Amino acid sequence: MTTEDYLNTLNAAQLRAVMHSPDIPLQILAGPGSGKTKVLTCRIAHLISKHSISPQSICAVTFTNKAANEMRERLTKLIGIEQTNQIKLGTFHAICSMFLRKYAKLVGLDSNFTICDADESKNIIKKLLKTYRDELEAHNIVLAEATVISRISKAKAKGVTSDGLRRREKKGISRGEGRTADGSLIEQSFASIIDDVVAEIHVDYAAILRRNNSLDFDDLVLFGKQLFAEHPTVSRWCRHILVDEFQDTNTTQYELMRHIAATSRCVTIVGDPDQSIYGWRSAEVENLARMKRDLPNTQQLFLEQNYRSTASIISCSLAIVSQDKSRTPKTLHTTHPTGPTPVLRSLPYEQNESAFLASEIKRLVAYSGGMLSWGDFVILLRYNSLSRSIESALQKEGIPNRVLNGHKFFERLEVKDILAYLQLLDNPLYVPAFMRAINVPSRGIGEKSVSELLATAQRLGLSPIEVVEKIFDNTIPDIKPAVKRKLTSFVPHIRRSRTSMQKRTRPSDLIRDLLQLLNYEGYLMKTQPDWESRWDNVQELINFASQVEMGTPMLFDSDQPEDDPSEGEEWNSLAEFDQDQLEDDGIVEAQRPRQAKGKEKQTEERYERHILVSASADCSAIRDTPLRLFLQASMLSTGTEVQGNENDTEKVTISTCHAAKGLEWPIVMIPAVEKGTFPSARAEDVHEERRLLYVACTRAKALLYLTHSTARMMSGEVRPKELSEFVITALQNSQTVFTDQIPCLSASDREVLAQVLNRSSPSDAEVARKIAEYNRTTTNPWDGSAVPSSTPWFSSTYNKSAVSSSVEGSCNFLTARAASSVLQDSLKAPTTATTLFSTRGRVLNVPSNTALLQLPTAGAETASKQRKLKQSSLQQTHLHANLSSHRVPVTVYSDPKPDVVSETPQSSVCATPSTGALSAIPVVPVNAAKGKRRLGMGRTTVGYPNKKFKAPLGGGGQ
DNA sequence: GGGCCATTTAAAAGA
DNA sequence: TAAATGGCCC
């Protein structure tokens, strides 16, 4: 398809945006579903073909990898792969990272810096915070590390560097002194104590990162900004910069954008103030106005034509977002038919709510006559932990589902273990990697020895890895808890891998080799109950490495200096400038003296060029080792997008509202539309919460459901919940934006669906057949409960999530309700399989149809113990009652007795005081028949598992 | 050093 | 409710 053909598919507003003069800064305000990506890609194509701007001088910035990839795909179709790959296209972080590798020296970094992920920076800050604990306690201040992290992150988003903070540290007044007896001032001084502590931790944290030759995510942008600000020549290649989701930029990102555009001043941004939902991480909608001030000739264009949703979904969404009176008025039109009115339902309890959604999904699939399938549904949550009851409801109905962005691939322990070794090879100064690698697999080098090693390293001015090698070689004396012998399974491995790395071995082979050396699979088997899925993840990491090796499009071809080709010769000749010489002269490290500003422009540019070239050109071979490219890709890719799992398209998606931005589904369901959730109880900006609901609603193409429970389990107790005021207000303004009637999916409804989704309508016969089948196989989800009982304990559907997580391999406490259900199930499918448990060193042989309940010690001194005791005896009573009503034989054992259980032929309930703490229930029979993973016969954790047991990457649904 | 238990605490969003 | 922490013991 040529650019011209593409232009023909644009509407008038889109066309204006695409054709807009490149020299006049442009703001495209684009509502949801208005085709902004189309406009953006088309504009890029237009810049290249009609304005002869070369692709490598175009910079396109997105917020997510997903958006970047989508743009890349569309551009490839439009202008071909070759030109697309020349465009500097990526997230803010990726673009900064690439330039920082290239010009590291200019901002005082080494190009092998490691990107410090959130986990590691949390660890660092946690340690720093500990040193202030006593002091804070003395002032009666509680300072959570999350607070510190977010404050530091916010400071960085606003462009505050640790250098700026260091000055205030010198004030030298001891904290808390400025306080007077006046009560109102006390709080003030609390705040200032916290400010000081945060500032000090910030400074220390930054120093640690520098020592580790490491940057965290915020640093990438911050240092990127610094690079472009201090060295304008670095951005000379840029003729046009385009920024997507501009309403989400923070101050630092905005300034970065301005610096990249410093020469050309050609900027196109796309954004929508109504979809600004990231204020909490310092996004500034204000940047729209700021841009207009900074670039006074900026023009605005509106895209208000929506191509996604039915008219009724649009009006419902507008009814929500327009409640904000301070908002810039903006509207949405659609040519789509009205369609079924969005559903609003209240249900008594979260289980009912989940069950309603699950059964509704089933019904819609049937009543649409097969036009809809699982993959067409998304359930959008305010926050992830709401997914539990949803997941179990879907599971119970046998609906396949996946959690979008549930647990991040690169944050998994097994993946991080391997990455740690590789990071250590690439950057020996990166202490977090050292700390992890040194004792994985376990070598008996614990916290104590590690801190000893680190201290030695500091004392000798060596990297920890050098210290360890020297100890191994007898070049320096061993440390106190002798460690040399333990290093035989570490130093040789490191050396072997390092040699391999220096030969530029492919990272995937490097990993394979490492796995072998470490016998990592064996280690996982020994230590992880769910080692199989973890091993799968390791394999997935190898796949990812292979993908990177095969040349996923990099931001730029590393060796070419980006500048006007006519100047190429000069660049190349300058490339011979001796790097070491520059360093010796202190030029590379030194900050450019300010006085040169304004005058001696030419000299300055020449100077800049010297250092640019010397900082980059000569070392590109080292800079972009295969390993480094792989590590960078790992650290910058989030989520699970690595895997491109095809059968994901056949699953119902569960996602947060935030993660859903930019995406769309035929049917959207939003549970928990309640006060305290929408808006979230801890949200600072109610308007932002409203916009979040708006974003969620506007993801829907054809059908929209909002539900609400009148009671919900929160923080371990059931609390009453009220409908969200956003919805109440919308209803007050217009009764008709919602209905409590579920759509009947009549022939005309199906017609609308077919039209909006651009699918063909099924025949009436087909629909009738599907409905008949549905009626035959489906029972009412809560009437058909497996546990009929009048007691509140058993009134709702039983807790299948507890069951399934047990099957996954962990052992959990079960509620009485779940336990009785499990027991009944296992009686239906009796089994003789037994499971071994260890408690206090004893091994118990327990038939798998045995429930073990924990009871607290009878003494019960503390209030919490007493509560638990009461609850437990209540549970026991109910369990008893329920099981006897089903004529399930019950035997109750107490403490030392459980050994006997293996002899018991039928189901039993084991109750035990917590001193003997039996705390697990084996439930093999429930799902074992389906051939899924079964509870291991080997070592089993008793008690709360303190490791996470999440579904393996790519679903692995039961 | 690491396993195990009891007690405490926290509970949002992402690159 | 379940994850994290802290103390105790081997």
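Numbers run from 1 along the shown chain.
Even glycines carry a Cβ here, placed using N, Cα and C.
Small disclaimer: the values here were computed from a predicted structure and weren't measured.
Feature annotations, courtesy of TrEMBL:
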- A:A30, A:G31, A:P32, A:G33, A:S34, A:G35, A:K36, A:T37: ATP binding site (BINDING)
- A:9-310: domain 'UvrD-like helicase ATP-binding' (DOMAIN)
- A:311-662: domain 'UvrD-like helicase C-terminal' (DOMAIN)
- A:937-958: region 'Disordered' (REGION)
Inset, instruction - Have a look at the binding-site residues (A:S34, A:T37) and report the one with the fewest Cβ neighbours inside 10 Å. - result: A:T37
Legend entry - Same-chain residues at least 6 apart in sequence whose Cβ lies under 8 Å from A:G33 (ATP binding site): A:N306, A:Y307, A:R308, A:S309, A:L332, A:E664, A:T698
Legend entry - Entry from the binding-site residues list A:A30, A:G31, A:P32, A:G35, A:K36 having the most other CB atoms no farther than 10 A: A:A30
Inset, instruction - Determine, from DSSP, whether A:S34 (ATP binding site) sits in helix, strand or coil. - result: coil
Inset, instruction - For the recorded ATP site, whose residues are A:A30, A:G31, A:P32, A:G33, A:S34, A:G35, A:K36, A:T37, find every other residue on that chain with a C-beta no more than 8 angstroms from the centre of their C-beta atoms, and list them by sequence position. - result: A:V39, A:D272, A:L303, A:N306, A:Y307, A:R308
Legend entry - For the domain 'UvrD-like helicase C-terminal' (A:311-662), the mean pLDDT of the predicted model: 78
